[in-house]
Each structure stands twice: as structure tokens, then as C-alpha cells.
Amino acid sequence: METLVLQALSGLASASSLFLVASGLTVIFGVSRIVNFAHGSFYMLGAYLAWSLVTALPRGHLGFWGGILAAALGVGLIGIAIETLLLRRIYRAPELFQLLATFGVVLIVQDLALLLWGAQDLLGPRAPGLRGGTMILGLRFPDYELFLIAVGPVVLLLLHLLFHRTRWGMLVRAATQDREMVGALGVNQRMLFTSVFFLGACLAGLGGALQLPRESVNLGMDLAIIVEAFVVVVVGGLGSLMGAALAALLIGELHALGILVLPKITLVLVFLVMAVVLVMRPHGLLGRAQAPAAAGAAAEPAIGATPRPLVWLGLAALLAALALPPFAGDYALSVLTEIAILILFAASLHLIMGPGGMASFGHAAYFGLGAYSAALAAKWLLAPMAIGLALAPVAAGLGGLLFGWFCVRLSGVYAAMLTLAFAQIAWSVAFQWSEVTGGDNGILGVWPDAWAAPRLVYYYLTLGLCLAATLLLRRVIRAPFGYALRAQRDSALRAETIGIDAFAIRWRAFALAAVMAGLAGGLFAYAKGSVFPTYLGIPRSVDALLMVLLGGVQTLSGPILGAIAYTGLQEQLMRLTDLWRLMLGTTILLLVLFFPQGLAGAARARWEGRHGGA
Amino acid sequence: MTVRLFGRRQMLAGAGTVLAAPALAQAPAGAIRIGEINSYTAQPAFLLPYRNGWTLALEQVNAAGGINGRRLETLHRDDGGKPEDAVRLAGELANAEKVALLAGGFLSNIGLAISDYANQNRMLYVASEPLTDALVWSRGNRYTFRLRASTYMQSAMLVEQAAKLPAKRWACVAPNYEYGQSAVRWFKELLTRHRPDVSFVAEQFPALGRIDAGATVQALAAANPEAIFNVTFGADLTNFVRQGLTRGLFEQRRVVSLLTGEPEYLDPLQDEAPENWIVTGYPWEQVNTPEHAAFRDAYRKRWNDHPRLGSVVGHDTVMAIAAMLRKATAVESEAMVDAMAGLRFGSVFGPVEFRAIDHQSTMGAFVGRTVLKNGRGTMADWHYADGKDYLPPDETVRQLRPQS
């Protein structure tokens, strides 16, 4: 019994830390609808700044607590800089596009932190006055953890007062409910957004700074916290502070008590919780359905016939892709193979994101399912490559049917996070079920059959399959099915009235996208010769998302262009410089600022500007 | 840090003598190229000292006239912690840059991915750091050799010490991935063989890099073990130690801990380094053998910093490759593989052999207990455990490794 109480107390301390970070994220999202990937970076910067300040300032209460608060405010100022210099310029860009920008910030901060603070983990001093422990039920419990347990509710209370007792807070709540209406009533939205971003960044910085006495400050903090913070925000209900508090409590406690029963559960627990909550309550614990977009909101541009020059350009590119490789070296071939695969992967995600109007944060699941089913068939059934490649899309499609059935019922970020939850569950199975999947050591020796072993042959095989599949996807979007898909995206209500079963359409599109991603995954497995859990990990899902966003969500050529640009850029930079994250992040920021419609979107805008609408 | 400010091409040769690397995929006449792949951005704490050690060794080899008059060059690549990228880079180094052999690797799955690529493409791969036993045993192949003492070897070194402790009730804590799991598995198996009377009362497997230290410590304490076997390292270790100290987990309990004596993991703990843990590690300031003293002085002089274990691993990987090249009849994969099998070379820790039977080197580790000295952690009562004494009998190895 004593054990359980202490374990629950430990859970409370973790929950409190988690809440601080999540509260900032939820406040920012509520008002600006920005999916802020850089929130984890704010958290990490908070910890690093606090370390620098606290070790530089004289020891004692003032030096320590002053340093912590100054670090939080410093991060707030960084938040203001990012909001005014970057995000403010792209609020009008398509939904989720800001995610691309914040991802660029993540990359830049990672390299800057390494340059500024070095690679070694840093250990901060303990909090003065809270170094020791208190005996609770005969066991010693750290004073600082008790302090943290108190901080969470205090911050919640302060935020509650701020939002309910001040005019500013009232405006924030109003904007959370209906941003357009607040703007129409003459409220200065710019100030509101900037101040909210400041508050959110401060909270993240405070969360990071308060970790100083209990954890080391290291370069992995940003990615370690960001996913969990998102889960808390979504489980609680986007924009809901009480919800975030409840979710943090739930997750903190389940974690602390769960490891007593199943020590390995930590890998997947938060995602299981999120999946269950979202399936039961599509808007999180305390979230409310977002106000539907104002009636008559501009529908996405219709998709017309491909303009002549684009056809010629495409044909020229195809000709080059067919004719040049025999003269390219083996390495160029393997890069081209990879690009062809990633084009299909991006195009498959584009189907559900662009015409379908559903974001997915977990598209790698189907890529990985394809790769794993091909590899497992090769390993356990000694199946030839053809069988493996045939199996890949089937298995991924079945996965898509299963997961999709849950995901397409939801909308917006909730749906995207549910796809992430399923992807992480699939990932943890691949990671943990060592007997079958080889665990994190993966499955080796998945090489193509002898006839396809020469790189050139495998390249043509990949190109043929990916090209056919990508063209099929384009065809689908232009077919009646594609019209129905776009109709339900632009107005689910109107689509339903004319007899379109929006759910069924979305579900089928989701499964089709999974099939195509699975094919890409199968091809990838044989191209690399091995399969690892990273194939269905979050970074790969993010890569797909970035490719689609970079290319432009609402153009058919977007994913193709985006895949080529992103893969090519990363491949080149990783070879050229150790600071590739800094370079890649900066490039992303520049592209975001100059091409807020994505690369293909910008090209189309220029074309239409010159030749009139398509 | 200055190293990182330069592009890789500028410092490609390490010796600093190549001013303009040719853009063409042609090695300068006579130079032998090594393609080195590692997770530089994902694991900088270990790999920056590693790279420094590597560069130092390369300069030493070239200053001494290179390999039969040919200079040694390295092309470093960052895989960002992803095995699929490592495979692509292996292809790039092999096909576009025409390197003679591959080397490097930190994470086990990346080591395995490169190893499988090397096997498929008949290229020599000298794995420096990945610890997984699979690399030389269950998934071993003709083209892969590994320098660092494996998970099994280091676990066996600690079991020897653990068996002497009176403790009977043990608990284990390890990061939840292959390295952590196999370390715990070997430790349990070997310790039970030495001491049938011990029992394992609790296990915790926190996610790598995301330990919930408070809850983990409390859960271990709840089982009230007499001793603890720890496999966590890096940030997880720091957090585990902090929470463990304030909650009194380590009082009246012995802790046996893998890798904790390595400066990479001990230095960040500063004056909170735990005392009296039995660890494997590297007491760099106390090892005064002539080989090591010379290395330490050269390293200090070159980098103005003390060596970490990564520095030794980077340095000795180059030295092993250089020794192999001197022995090999030709700079060609099959000849190099033949030279590698059974190769003896003088490492910083003393003579080491790459065993012909499983391609594992006999490089050992230092075993001792941690102490606090002048406000920082170090090792005391240590001895060098030679790797050759901590490998299973040959028959067992033959069973573990696919024989072709």
C-alpha cells in the first residue's frame, strides 16, 4: 500500500511537469490553430537557459529562482521573435502549413544548442532548500518532487484566473471559440496572437527550467517531450486547460503505476491511452467540437486539366528518368530509386491530405506495414521478391482499413493524432516483438531476387511500379470517386445531402492511400536490404508530411515536387556538412516564407498570374 | 567544437594536408580511403571525442609515412541515427567515393544494417562501437569485424564481480531496446550459473532517453532488492542517479553497472557521481602504461582536452585498420578480410587480437568501483579485464555463429 501511494506521488510530479508544457501548447493551439512542433524546443531552451543562468548567478535562493524565472521569460521572448518574424507571415497559408515552419525551427534549435552548449549532458544544481527528502509512510520522498506537485495546480489556478478575470483572458477565450468573430468585432488579433505565443513559450520554458534540479539538460529533451505534450493536449481536448490538466494527471499516473505491472509498457502507454480516449470521445476528454468553418468558406480550388506545358515538363522528366540512369553510377541509382519510392509515399499521403482533407501524422505505419510484410514473408516463408512485393500493399491496405475505420470518423488534428497513435502502436509491436520482427535490430537480408539484383534493373522496376501507382492516384483524384472525396472535404453537409456517403468515401480513400504507401514500403525494404522499426517511426511520418506540405497540398504535382526537393536537399546536405540540420531548417524557413502555397502551389500561382486561371 | 564548424570535405583527410578534395569520385593517387559512418548528430556526446581520437590516429599513421608509402584518408558521414540512411551512405561511399572499406557505427541496428550491406556487397566493415552480440554471432558474416568489447563480454566482466557479493535478491534496470535487454539476459544467465542461490525480484525497462526516473526508482525500491544491476547510460543514467540518491535507493544496496565508469557518462554527473558502484569504464587519468600515457599526451596536445572512451575507440579503430593494411597482400576486400582474421595489433589498452573464429576483437575494459575525488567521479581498485578471458568457449561460439 505504501508503495502504491509513493508511486502515485511520483506520478503526480511527472504529471505536473507534463502539464506545464502541455498548457502552453494548448493555449497556443486554441487561439492560433498552430500545431507548434517547436514547443519541445522551447522546453529544451528553457532548461539550457536556466542552466546557464543558475550556474552563472550567485548561489542561493535569489540566484536559483531568479534564474529559473528569467529563463522562462527569455524563452517567451524567443517565442515572440519566432511569432513576429515567422509565423505571423504565414497565418493565411493552408492549415498545418505552419507545422512545416515550426519544424524548421526545431532543426535549427537542435544545431544551435549543440554549438552553444556542447554535446555533453549538463547537470544543474539542486534547488536551494529543497535538496533533501521527506519521510512519507516510512519511505523517503524528494522535497523537490513535492514542490513540483504543488506547482502544477498553482499554475493552473493562475491561468484560470488570467483567462476568467482579465479582459485579455476573455478575448483569448473568445478567440479560441471563434477567431473570425473576434476579429470582426475589432479586436487587434496580432497583439492577441503574439501575447498568447509569448505566454505559451514562457510556460514551456518554465517547464524545462523546472526540470533542472531533477534531470540532466541534454540535446534530446525537445523530441522526448514534444510528442507526449501533444498527446496530453489532444487527450484533454484541444484548447482546454482543464482537459490538459486532467490528461496530464491520467498519463502521469498510468505511467507510474503501469510500470509496476508491465515495465515495458512505457514505450506505448501514452498512445494506447490516446487511442482509447479518441475512439470513445472524438474531441478529447473536455474538448468541444470546433466551430465549423463559416458557411460558404472558400472551397479549395478545383482541379482542372493538366496545363499543356506541365504535361510536356512531366514527359521530359520521365524521359530523363528513363534514359539517363544507364549512364549513372550505382550510388546515383540508389538515390533515384529512393526518390521514386518517396514520391509514391508522398503522393499516397497527399490523397488523404489534399483531396481528402484529413491530415495524417502516422502515415509511416502503412509504409512500415508494407516493408515488414515483405521482409517477414522473405524471412519466415522464404518467399520470392514478387510475393513479398504483392503482399506489401495488401497487408498495408488491411491495416489501413482497420485503423482508418476509427480515424476517418474524427476530424482535423484529432484524426491526425489518432493516426499517430495507431502508427506508434504498430511501431511498438515491431520494436518489442523481437521473436518475430527482430525488435530494433530489424530484419536483415531482404535483398531482391537475382534477376532484380542489379541496381539498374531494380531502379526500372521501382520506377515502373511507382510511376504507375502515382499516375493511378492522379487518375483517382480526377475520377468520380475523387470528386466525391473533394466534395466531402469542402462541405461534408452538402455532400451528404446529395447522397455522398462521406464516411465510406473517406474510409476507402484512407485504405487506398495505405495500399500505395505499403507498396512504397515493400519496394523500400528490398532497396535497402533490411527493415527496421524506424520505417514506421514518427520521423518517417513527419518526413512524408513535410514533403507534401513543401510541395503544396492543393496541387497534384505538389507531392512529387516536394518529395524530390526534400529528399534531394537532405541527401546533399547530410553529405556536405555536419551542420545539415541548421542548413535544412533554414532552407525550410526560407521556402515557407517565400512559397507559402508550397513549391508547386507557387509555380501554379505564377502560371495563373501570367495566363489567367486554369 | 571547432571541428564541427568546418564542412566535412574540408577536414576529410584528417591530416590536414589535403587542401582541395577533388570533386570527382577519384581517390588522389596512392591514398587509401576509409568510409566512416556514424550517428554524429544523434549521439554527439560519445561521437565527438570519438572523431577526435580517429583524426589523431589518422594523423599519426600518415606522419609515420602512411601505409607502405600510401596515405590514409577518411570520409566521414552522419547517418542521423537512421539505419536506412546508413545503408544509403554505405552505398555512396562504396560506389561514388570508391572507399576501400567501411568503418564506424554506434547504434546496434545501424551496425547490423551496414554489416548486412557489407556482406551483400563483399566489402570489409570494421565496426567500432556497436555492442550487440548479433553483430559477430547470430548475424555474423565474413566481412564484418568488431573492435569494442561486446554486451556479452562486459556483462561477463561484471558478473565475475557480482558473484562475489553476498547479495541474493537482485533487481535490474535497463533501457528498453536490444542492448538493454540482452545485457540483462546475459547478466541473469551468467550470474545464475555462478550463483544458483540468487533470485531476480524486479525489472524495469524505461524507454531509451525518456526514463521516468522517479517512478522507476520507486518501483525498484518497492521490490526491496539487495543489489541492482544497471544498464542505463547517458541522460537516463543521470536522471536515475539523481532520483535514486534523493530517494535513498542506493543506501545499503550494491549497484553493478555497465559502462558507468566511462568518462562520457561519469563526467556529467560531477559531484553527484554515485560512489562504490561496480562498473566497467575507463579511468583515463590513472592508466599509466606506456601505450596509454603516450596516447593520452598526444590527445591532450592535439585537442587540449582529456580523452574519453570514445576517443580510444576511434583511435584504435584506425590503428587496427592500419595494422590490417600493412598485413594485407592487396587493398582489396578479400585480401583485407583475410588479413583482418586473426590480426594482432597494439591498442591503447595493450595487445588485441581480432579472433578468426568470430571476428570479435579481444579489446577489454576496465573494471573497478566508482569513487568521488576532488568533486568528480572516477574509478578506484580497478583492473584491466582482457576481453579474451570473457568470451564463451569456442564450441559455444560455433553454435552461436552461423558457420558457412
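Placement of Cβ uses the backbone N, Cα and C atoms for every residue, glycine included.
Keep in mind that what you see is a predicted model, and the values were worked out from it rather than measured.
Listed in TrEMBL for this protein:
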TRANSMEM  A:6-29  transmembrane segment
TRANSMEM  A:41-58  transmembrane segment
TRANSMEM  A:64-87  transmembrane segment
TRANSMEM  A:99-119  transmembrane segment
TRANSMEM  A:191-212  transmembrane segment
TRANSMEM  A:224-250  transmembrane segment
TRANSMEM  A:257-280  transmembrane segment
TRANSMEM  A:339-361  transmembrane segment
TRANSMEM  A:381-406  transmembrane segment
TRANSMEM  A:413-433  transmembrane segment
TRANSMEM  A:457-477  transmembrane segment
TRANSMEM  A:547-567  transmembrane segment
Under 8 Å between C-beta atoms and at least six residues away from its ends: which parts of the chain pack against the transmembrane segment (A:191-212)?
17, 20-21, 23-25, 27-28, 31-32, 36, 39-40, 42-51, 54, 67-69, 71-80, 82-84, 87-88, 91, 124-125, 127, 148, 151, 155, 168, 171-172, 175, 182, 221, 225
What residues elsewhere in the chain lie close to the transmembrane segment (A:413-433), defined as a C-beta under 8 angstroms and at least 6 residues from its ends?
29, 35, 227, 230-231, 234, 238, 264, 267-268, 271-272, 274-275, 278-279, 282-284, 287, 358-365, 368-369, 372, 399, 403, 406-407, 439-440, 533, 536-538, 541
Can at least 3 Cβ pairs under 8 A be found between the transmembrane segment (A:99-119) and the transmembrane segment (A:41-58), with each pair 6 or more apart in sequence?
yes
Are there residues at least 6 beyond the ends of the transmembrane segment (A:257-280) whose Cβ is under 8 Å from a Cβ of it, and what are they?
3-4, 7-8, 11, 227-228, 231, 234-235, 247, 250-251, 406, 410, 414, 417-418, 420-422, 424-425, 428, 431-432
Quickly jot the same-chain residues contacting the transmembrane segment (A:64-87) by Cβ under 8 Å, restricted to those at least six beyond its ends, or write none.
32, 34, 38, 42, 45-47, 49-50, 53-54, 56-57, 98, 101-102, 105, 125, 127-128, 193-194, 197-206, 208-210, 212, 589, 592-593
State the non-local partners of the transmembrane segment (A:381-406) in its own chain: residues 6+ outside its ends, Cβ under 8 Å from one of its Cβ atoms.
275, 278-279, 365-367, 369-375, 418-419, 422, 426, 446, 448-449, 452, 465, 506-507, 510-519, 521-523, 525-526
